[in-house]
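Here's the structure, in structure tokens; my notes come after.
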């Protein structure tokens, strides 16, 4: 029998709340009793989360036993009220000189609820399910529950799953409950783990929202790690995560899950990540969290997938290079040290040289291009560019010109001389402008060509 709201006699009372070993009474505004003696709530009481069935005496349909059904919102309100009363009574009984600090107690019925569910395997009604959820989120009752699971008895795991699997997402993001659900899935065998994975995957939206929570993502990571040995379970989870994989890549906590998958799962199991990255590449690359996640994906991708990703990045390099976050993805191509991709990127940059040189983020990419395997071609274009003076006079372009002077001095002396001559023609214009001063100094005095910080 579950815990119900009732007006029946009680054994003891505290602060206006009467308790019996199996029933409790809480005076709530708007709550009255029907002719059957069970409470009803005319018009509802949504602020407390109290749910009541229609009174059968008024033509409605009550629950099988005629009792009110208490939602988790109401249950949590009740425990908060219990603890408030407990603290007030403790303060009243403390002597003024006493240094004792009162600690809120767990309502005694919560520990009993755990025993009835885990040890006795009592059939669950709505009220007992609510009490189970409440116990899982209570520090002391949850600790007791975890100690019972430590015995690794299959019946206890089965009974626990039966009680809280339907509210596993709620518990996974609770600061107390997430410890219990992690302990529970750790105690599961293959059969029970299959039940958990199937139930979780069936609620894709809730799974994705849980993965975007600081506590929830830890539970999902743990579930993936436990499911890793079984391809079927990983396949089920991957399919559930695929629809929101791009959103996870761009989320502060969801990106942790993606990175965890990359480091722990094999390439085949991570295929859903690679497909999502290819389908949403530019969107992910332009996101603060997404750009870092995409770089990790490139590093972990197999050769064929990496080729697809890099080809897609190069084809959108002009757009990405000018983005505050996307430019880091483009620059990462040079960190890979593969000349064929560096040369292809330089060819792409050549056709938008002026646009990128005079843009803050784009100028960084051009400087990387000049120092790469395809930098000579880009340097030739810069030397002969009809807008060379405009680039040298620009607040960002002057850094590109200085980088070209510095790099060409040893790598391409002839091009270096041509660049110096092309700029010397405009030395008078370069001499006194704040953005042109460093270029003029390098050209006119032959100084040590050092790039200055932006």
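Backbone N, Cα and C define each Cβ position, glycine as well.
Curation plays no part in TrEMBL annotations; they are all automatic predictions.
As written in TrEMBL, here are the features:
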- 105-447: domain 'PUM-HD' (DOMAIN)
- 163-198: repeat 'Pumilio' (REPEAT)
- 312-347: repeat 'Pumilio' (REPEAT)
- 348-384: repeat 'Pumilio' (REPEAT)
(request) Determine how many residues of the repeat 'Pumilio' (312-347) DSSP places in helix, in strand and in coil. (result) 28 helix, 0 strand, 8 coil
(request) Would you mind listing the long-range same-chain contacts of the repeat 'Pumilio' (312-347), meaning Cβ under 8 Å and 6+ residues beyond its ends? (result) 278, 281-282, 285-288, 290-292, 294-295, 298, 355-356, 359, 361-362, 364-365, 368-369, 371-375, 377-378
(message) Give the nonlocal contacts of the repeat 'Pumilio' (163-198) in its own chain as ranges (CB under 8 Å, at least six residues past its ends).
(response) 72, 117-118, 124, 128-129, 132-133, 136-139, 142, 145-146, 149, 152, 154, 157, 206-207, 209-210, 213, 215-216, 218-220, 222-223, 226-227, 230, 232-233, 236-237
(message) Let me spell it out: take the repeat 'Pumilio' (348-384), skip the flanking residues so only those 6+ beyond its ends count, and list any with a Cβ under 8 Å from a Cβ in it.
(response) 314-315, 317-318, 321-324, 326-327, 330-331, 334, 339, 342, 390-391, 394, 396-397, 399-401, 403-404, 407-408, 411-412, 415, 418-419, 422, 451, 454
(request) Could you tell me how many residues in the repeat 'Pumilio' (348-384) are helical, how many are strand and how many are coil under DSSP? (result) 28 helix, 0 strand, 9 coil
(request) Using DSSP, break the repeat 'Pumilio' (163-198) down into helix, strand and coil residues and give each count. (result) 29 helix, 0 strand, 7 coil
(message) Over the span of the domain 'PUM-HD' (105-447), how high is the average pLDDT in this prediction?
(response) 90
